[in-house]
């Protein structure tokens, strides 16, 4: 078993643990949590979740640990990864879920503390970080190549699978992406200071345009799309579930029915479990709790002039993404010698 510690027990950290608890054949064993909050608070937030509801599990806590269904997970609280007891706890893999230690220099502090490898639950910044998206390039994972790997962002995980299908079948020349994204913890719930002046505005009452590197990051996992995609995010007053709107110019003329056909086929075959397809007239809350990375909404696919293609895909930016973090961690575990 690969011994796992979670650094940062926020939205993704707790979703990761819930996803892992739902696996019956996991090669992972979560043994530790580092978070600024205390174990009793973290146990409460694990049990009661505004998006996911009450966790059906036997949960208890003391001053130093959380116990879930008889599994005791040690807890510590230290903002400096160099001080963490990863060596003492024999930690193999750290799930870096704070959103803070996203560079190689920052993430490898966990290695200096005794862990063997780090998986960042965010886009990595800078060199020497391997970026993998399950269903796109995770099959190329080489265990000895990187100490630090990244699961990219939730939006890249949504975009890359169906973007790859479009590129493979029609050839993407260039395009833009807009993600209409639920607000996150990196926004203010009331107007307050923030380095991004738009994210400084109250998240629950505004549409907040902001940057996203998701479109450009697709090139990290699909190299032939280097320099071909860009995009922005519109943060909206919903707490979960987001939707990607991709518009691309393609080399091979097509029609909407043909685009939907190849996407539906991929969802049922090569990308099954990662990509789903629907033509039902649904809304964002219908996709809450979906395990896949993206669900193409075929009813909204458009083609203009044969070579301009518009595809819409929904994603649960918390739960679906966290499922892929578990998947990637399982890939790491299976490659351990």
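If you go along the chain as it appears here, the first residue is 1 and each next one adds 1.
Any Cβ shown, glycine's included, is placed from N, Cα and C.
Same-site candidate for D-glyceraldehyde 3-phosphate binding, as annotated by Swiss-Prot with 153, 154, 155, 184, 199, 212, 213, chosen from 79, 235: 235.
For the NAD(+) site, Swiss-Prot gives 11, 12, 35, 79, 317; the one candidate out of 121, 131, 254, 269 that the record lists there too is 121. Taking 12, 35, 79, 121 as the binding-site residues under consideration, the smallest Cα distance to residue 184 (D-glyceraldehyde 3-phosphate binding site) is found for 12. Looking at residue 154 (D-glyceraldehyde 3-phosphate binding site) and residue 317 (NAD(+) binding site), their Cα atoms lie 5 Å from each other.
Of the residues the record lists as binding D-glyceraldehyde 3-phosphate, namely 153, 154, 155, 184, 199, 212, 213, 235, the two whose Cα atoms sit farthest apart are 18 Å from each other.
Residue 212 (D-glyceraldehyde 3-phosphate binding site) sits 19 Å from residue 11 (NAD(+) binding site), taking the CA atoms of both as reference points. Between the CA atoms of residue 121 (NAD(+) binding site) and residue 153 (D-glyceraldehyde 3-phosphate binding site) there is a gap of 7 Å. Within the same chain, the residues at least 6 positions away from residue 11 (NAD(+) binding site) whose Cβ sits under 8 Å from its Cβ are 184, 185, 318, listed in sequence order.
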